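Annotated domain 'tRNA-guanine(15) transglycosylase-like' per TrEMBL: 12-362, in sequence order. The substrate binding site feature in TrEMBL is assigned to D91, S92, G93, G94, Y95, D145, Q187, G214. What TrEMBL records for D91 is active site, proton acceptor. Marked as region 'RNA binding' by TrEMBL: 245-251, 269-273. The annotation active site, nucleophile is assigned in TrEMBL to D264. Under the heading Zn(2+) binding site, TrEMBL lists C302, C304, C307, H333.
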Amino acid sequence: MQFRLLASDNKTKARCGEITTNHGLIPTPAFMPVGTQATVKTLTPLQLQETEAHALLCNAYHLYLRPGHEVVKKLGGLHKFMKWDRSIITDSGGYQVFSLERLTKVTDDGVEFQSPIDGSRRFLNPEIVMDIQHALGADIIMAFDECLPYPCEKDRVRQSMYRTVKWANRCLKAHNSDDQELFAIVQGSVFKDIREECTDRLVEMEFNGYAIGGLSVGEGNLLMNEVLEYTTPRLPENKPRYLMGVGFPLDILDGIEHGIDLFDCVIPTRNGRNGCAFTSNGKLKIRNSCYKTDERPIDKNCHCYACKNFSRAYIRHLLTSNEILGLSLMSLHNICFFENMMKKARQSIIEGNFLNFKSKFLSLQ
Ligand SMILES: Nc1cc(N)c2c(=O)[nH][nH]c(=O)c2c1
């Protein structure tokens with residue numbers, strides 16, 4: 001992997017660059033649609049390419065449970081399996097496994113739990129998680145971490161951070177693939193001293209890139225910004241920074257302002273399927289009866305397939321009739337909206353007017 005910085009904003013920490021993996025170039029700052037089970041729900045790989053998404057996030061935990069990482073490996077790895085020839089990141093499963101109700105036991109060695117799919121007893125630890133991600137074959141893989149809910153007692157957060165650091169070290173030792181880059185995940189909830197210690201310990205270990213985890217878990221935009229304010233500057237400038245699970249346009253543009261390079265979130269696809277369209281004039285609830293005979297596109301400033309071919313009335317009809325095409329058109333439009341926002345943000349950083357772009361963009365949201 002290569003990471004090249006192309007421009008830095010002189011009024012903020014925003015920066016524009018390029019991550020090059022074995023599956024092409026990711027212009028940064030970049031937004032990654034989420035393809036949890038090796039698919040971005042309701043969209044074909046060709047449709048996804050048309051959104052100009054350059055990377056996807058797939059989920060190692062879910063793919064380990066079904067169809068199994070060995071199955072994916074046998075079938076040629078994730079890129080071939082899902083026919084996506086651009087970059088893929090897999091998250092390690094820490095986030096998913098710790099949000100399970102049926103989480104039976106957590107020790108410093110790993111996590112024992114019951115599969116929500118077939119009830120079988122399962123065990124994950126850093127070495128197993130690395131085997132899983134090596135088998136899936138993503139271009140960028142994540143260290144196994146413990147992501148705590150928000151809020152959480154400071155002592156619990158500190159103990160969890162030490163576990164995340166130990167697990168990151170075990171992942172580094174188990175990482176034996178030259179074709180895949182390993183990113184560590186910084187934890188520490190909303191406690192400055194714990195976040196700073198976690199960041200410094202992980203930076204000492206020299207990963208290929210660094211994710212900031214434990215955010216977008218209900219802490220809110222203000223606390224997210226506080227954490228980014230003191231965490232991001234401690235990360236190496238010459239390596240990619242990835243803010244996991246973020247977010248709404250406001251959160252993403254705030255993250256860019258702090259110098260974040262990569263984002264992923266289910267918001268455009270999940271909210272799209274629920275009838276919420278992002279547009280250049282704010283959110284639009286397409287199921288609203290006021291759109292029943294509205295012949296306009298979702299967004300007149302959008303050039304996506306949905307906006308070029310269909311009316312708000314038609315898409316509303318599809319959704320109210322539970323037609324699958326409605327889900328697909330809304331997902332397609334929202335991903336195009338996010339990717340277009342990222343393209344404009346990158347351009348504004350190069351032109352030296354990111355803050356003007358950000359305030360104008362958000363004033364219309
Ligand atoms: N909001 C978040 C989304 C995520 N996919 C993750 C994750 O995969 N790991 N660790 C995290 O802390 C985390 C936070």
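Cβ coordinates are placed from backbone N, Cα and C, and glycine is handled just like the others.
All TrEMBL annotations are machine predictions without curation.
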Note to self: Just to verify a number: CA distance, H333 (Zn(2+) binding site) to S92 (substrate binding site), in angstrom, no decimals.
What the structure shows: 29
Check: Among the recorded positions G93, D264, C304, C307, H333, which have a Cβ atom lying under 6 Å from any atom of ligand 1?
Finding: none
Margin query: Name them in sequence order: residues not among C302, C304, C307, H333 whose Cβ is within 8 Å of the mean position of the Cβ atoms defining the Zn(2+) site.
Written below: P297, I298, D299, H303, Y305, A306, K308, L332, C336, F337
Next item on the list: Please state how far apart, in Å and to a whole number, the two most distant Cα atoms are among D91, S92, G93, G94, Y95, D145, Q187, G214, the recorded substrate-binding residues.
Entry: 15
Notebook entry, point to check: Cβ within 8 Å of the substrate site's Cβ centroid: which residues qualify beyond D91, S92, G93, G94, Y95, D145, Q187, G214?
Noted result: F98, M142, A143, F144, E146, C147, T164, I185, G213, M244
Checklist line | Number of other Cβ atoms within 10 Å of the Cβ of Y95 (substrate binding site) across all protein chains | finding: 20
Check: Whole-number Å distance between the CA of C307 (Zn(2+) binding site) and the CA of G214 (substrate binding site)?
Finding: 36
Margin query: Measuring Cα to Cα, how far is G214 (substrate binding site) from C302 (Zn(2+) binding site) in Å?
Written below: 33
Next item on the list: Quick one: pull the CA-CA distance for C304 (Zn(2+) binding site) versus G94 (substrate binding site), whole Å only.
Entry: 35
Notebook entry, point to check: Which one of these binding-site residues has the most other Cβ atoms within 10 Å of its own Cβ: G93, G94, G214?
Noted result: G214
Next item on the list: Summarise the model confidence on the region 'RNA binding' (245-251) as a single mean pLDDT, whole number.
Entry: 98
Next item on the list: Measure the Cβ-based neighbour count of D145 (substrate binding site), defined as the other Cβ atoms within 10 Å of its Cβ.
Entry: 32
